[in-house]
Every structure is written in structure tokens, then in C-alpha cells.
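J.: Quick one: the structure is below, and I'll ask about it shortly.
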Amino acid sequence: MPGWFKKAWYGLASLLSFSSFILIIVALVVPHWLSGKILCQTGVDLVNATDRELVKFIGDIYYGLFRGCKVRQCGLGGRQSQFTIFPHLVKELNAGLHVMILLLLFLALALALVSMGFAILNMIQVPYRAVSGPGGICLWNVLAGGVVALAIASFVAAVKFHDLTERIANFQEKLFQFVVVEEQYEESFWICVASASAHAANLVVVAISQIPLPEIKTKIEEATVTAEDILY
């Protein structure tokens, strides 16, 4: 059986892995990966708008991996519309990259549960195989954190190099052309970053759990026999 010191740290490692699992689920469900400002370029060109009038043509957009919302401002007031990524919008995006992001996050969910299971196993007993011990916990956390980091990097690539926001903003727009003037990563994106950070923190936790505690030795007093004791 592991000592109380290791049990405490392995328990913390299992909680961190479980928190990563929950964070990824939240990031998948909440449609707030990125928000931005979109300019109705067609409206600006039609009225030859000045700099002061541009604010009348700037709308808002936010989206996640499955759905989002857009507010069109084309000089006639804001018009809000909801949209879903699947099944039609994804065809206008880099579909392979978008699906890869989802698959990576689903894989990260499984790896987070595996790393949690290994931490619980080490908390209950001392595994007889090295791969099931602290090294195994580190391995699964490296894999889980790496997969989440790869999903984050893929999303950033889709935004920066594949004009993700602009493609979404112009989906099913036949009369108006929208241009992205501002982009900002939102809470779901940073939740994913926190998930990867939880696995990185687990590596530190496992390393701390291997620090040997100093043994507390009790000093045994030796019995002294005097001449008076012998006489008695």
C-alpha cells in the first residue's frame, strides 16, 4: 500500500485529470471559442460611408465548434441569426481540419479518463509493473495534454490561415459581403488551454509524489544496570 504522502498526491492527480475531462466537455458544449466584429463591406460601398458612419455597418459574431450567432449590421439595424456548423456550413470551411479538431478533443476526453484511472490505481495499491506506476501516469498525461494542445493549435491555424471567421460570416450571404475587423478568443478556447495546463500540472504532482520523506526514528534508551540493581 502507498503511504499517506503518495496517496494525497495521487488523489490530487486524479482530480486534475477529472477536471480536465470536465473542462473539455464544457469547451465542446459552449459556443464561445471566438468572437469578432464584422463589417458589412457591401453596405459601406453602397452609401460611400465615412469613418464616423462605419459603426452603423459593424456587427458581431461568435461561434464554437458546433454552433454560433451572427448580428448583421448593414445600415438598417441589427439582424441576429443563429447558425450550426453541421451539416452544411462545415462544407464551406476546411472540413478536414475542423473534424480533426473535434476528433482530437474526443480523444483527449478518453486519455483524461485513462490518466485518472492510473492515478486512482496508484493511490490504492503499488503496481507491480513500472508502466502502471508513476511513469504510466506521466505518459498518459503527456499524451492527453499533447492532444489538447494539438487541437488548440489546429483551431488557431483555422482562424489565422484559413479565414475561419470570414467564411462563417459570409455563409449563405448572397447580397452582402462581410469583412472581419476584429477577432478575440473567448472562454471556451481558454478552457481548453486550462485543460492542457491541468495535465502539465499533473506531471509536477507526480514528480512531487516521488520525493522520499525523511524517516522518523525513535531513539531507544538502553537499560543501564548498576551495582545496586545487582545486589537487589
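Using N, Cα and C of the backbone, Cβ positions are placed for all residues, glycine too.
Quick paste of what Swiss-Prot says about this protein:
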CARBOHYD  Asn48  N-linked glycosylation site
TRANSMEM  10-30  transmembrane segment
TRANSMEM  101-121  transmembrane segment
TRANSMEM  139-159  transmembrane segment
TRANSMEM  188-208  transmembrane segment
J.: Taking the transmembrane segment (139-159) as the reference, which of 10-30, 101-121, 188-208 gives the largest number of Cβ pairs under 8 angstroms?
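T.: Maximum Cβ contact count belongs to 101-121.
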J.: Validating a neighbour-count step here. Other CB atoms within 10 A of the CB of Asn48 (N-linked glycosylation site): how many?
T.: 7
